[in-house]
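Peer 1: First, the structure itself, so that you have it in front of you.
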Amino acid sequence: MPKILKFNEEARRALERGVDKVANAVKVTLGPKGRNVVIEKSWGSPTITNDGVSIAKEIELEDKFENLGAQLVKEVASKTNDVAGDGTTTATVLAQAMIKEGLKNVAAGANPILLKRGIDKAVEKAVEEIKKVSKKLSGREDIAHVAAISANSAEIGELIAEAMDKVGEDGVITVEDSKTLETYVEFTEGMQFDRGYISPYFVTDAEKMEVVLKEPFILITDRKLSAVKPLIPILEKVAQTGRPLLVIAEDVEGEVLTTLVLNKLKGTLQSCAVKAPGFGERRKAMLQDIAILTGGQVASEELGINLEDLTLEDLGRADLVRVKKDETIIIGGKGDPEAIKKRIAQIKAQIEETTSEYEKETLQERMAKLAGGVAVIKVGAATETELKEKKHRIEDALSATRAAVEEGIVPGGGVTLLRARKAVEKVIEELEGDEKIGAQIVYKALSAPIKQIAENAGYDGAVIIEKILSNDDPAYGFDALRGEYCNMFERGIIDPAKVTRSALQNAASIAGMLLTTEVLIVEKPEEKKETPSIPEEF
């Protein structure tokens, strides 16, 4: 396939045009008064969004050279989204500002390699400054503010704060469609898994068709139970206590199932049998989770624990167990809190190591079940288009909130980046030549987000920047929604430090790459051969 090449200034200008097209489409969404963008879909209704990464992903330019620039900016947005879940528009605005200023200097004869070095040194100092001003989240209110700013909705902020309140930092929060127009949070308490009772004869509440066991003992094993003889000693011990028994095993059949059902019907021993959740290695891990949560042991051949030798100490305990046709919920497991913490830490480490998205999801689910539950945000809307857009905003806000829990919060509205210029000033003084110019490029770019927020809200960015910098309070900034100057922390205009940091680092990374580009190579488009037309007489 023949290729077309572009060199030097011509190549960089083509990249710049591509960058501008994407950035100009994305930056209109920045801030509380940012506009929406409507995206045509090849099927279904159009998507309405103000999420930077969703807009960037949809853009594919006709000119192949310009498209290379567009793809690089897309990379900034998606990388920031992957790391922090938000801040994609800020990252795009920063990248555009650095690229524009940088290309001016390269055209004037500056050395691109030295410019990149200066950019990197300035960004390093700015990131240190961001980390310095970050504050830990102080409670539910802060969580609500972070989520509300990301989703541009106080209602969504409250929902996420409620969900996080219930499940804690390690809990899992999922987003699903609601069957109504309402958006609300549904909470599943305790350890829940998708396996129900083996026989309907175990049912204690015929109206709801469920089994309710109060303060039961829990027998956990990875074996198939069919012969009753090995189980008789432990069944007798449990029957003497007068408490119910939940049996979790690979399968329960034959004599064992008959014995449990008959004892339940006679009233000798209230019990219920369910199959173990998962398959293979995952099943073993989940049984171990249940054992740790309830303070029991897994009666497994691998561990050398025989069913005949089981004592009441080997059984798990819980406050309550509910078993339906296809789900089991264990509430108030009596396991050692320290052992549960260790298990959660172990799963956390596995999450960090794994590269598979599926594996990550299943590990997070296991961790949430140990940590105390799963919250589901049910999203309702009048139309399919609104539902998609709302779900997307909630997912973004969730990611931003998790980022805030991780690295803390900083004043929002572009103020933190603007004030990070002070740290860059010191770098500029230390550097010389083209490296100094590189640091100045970052200095100038750090004011771009706040300028854009102000312009989207109909204000003059330069005037607002001057007024903010006249006050030394690091939290003093401009509330673009109300058009007032205020303390950003007190007003609840806050950003996760991780989002601000990632946006700056990713923007600088792409800007550096683009400035040091000398040649562009693209494939020559194939000339379409015209198909001969059929003569009219046919």
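Every residue gets a Cβ built from N, Cα and C, even glycine.
Computed from a predicted structure; not experimentally measured.
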Peer 1: Where Swiss-Prot shows Thr29, Leu30, Gly31, Pro32, Asp86, Gly87, Thr88, Thr89, Thr90, Gly413, Asp479, Ala480, Leu481 binding ATP, which of Asp20, Asp460, Asp495 is named for the same site?
Peer 2: Asp495
Peer 1: Using DSSP, would you call Thr88 (ATP binding site) helix, strand or coil?
Peer 2: helix
Peer 1: Enter the number of other CB atoms within 10 angstroms of the CB of Thr90 (ATP binding site).
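Peer 2: Result for Thr90 (ATP binding site): 31 neighbouring Cβ atoms inside 10 Å.
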Peer 1: Give the number of CB atoms, excluding that of Thr88 (ATP binding site) itself, located within 10 Å of its CB.
Peer 2: 31
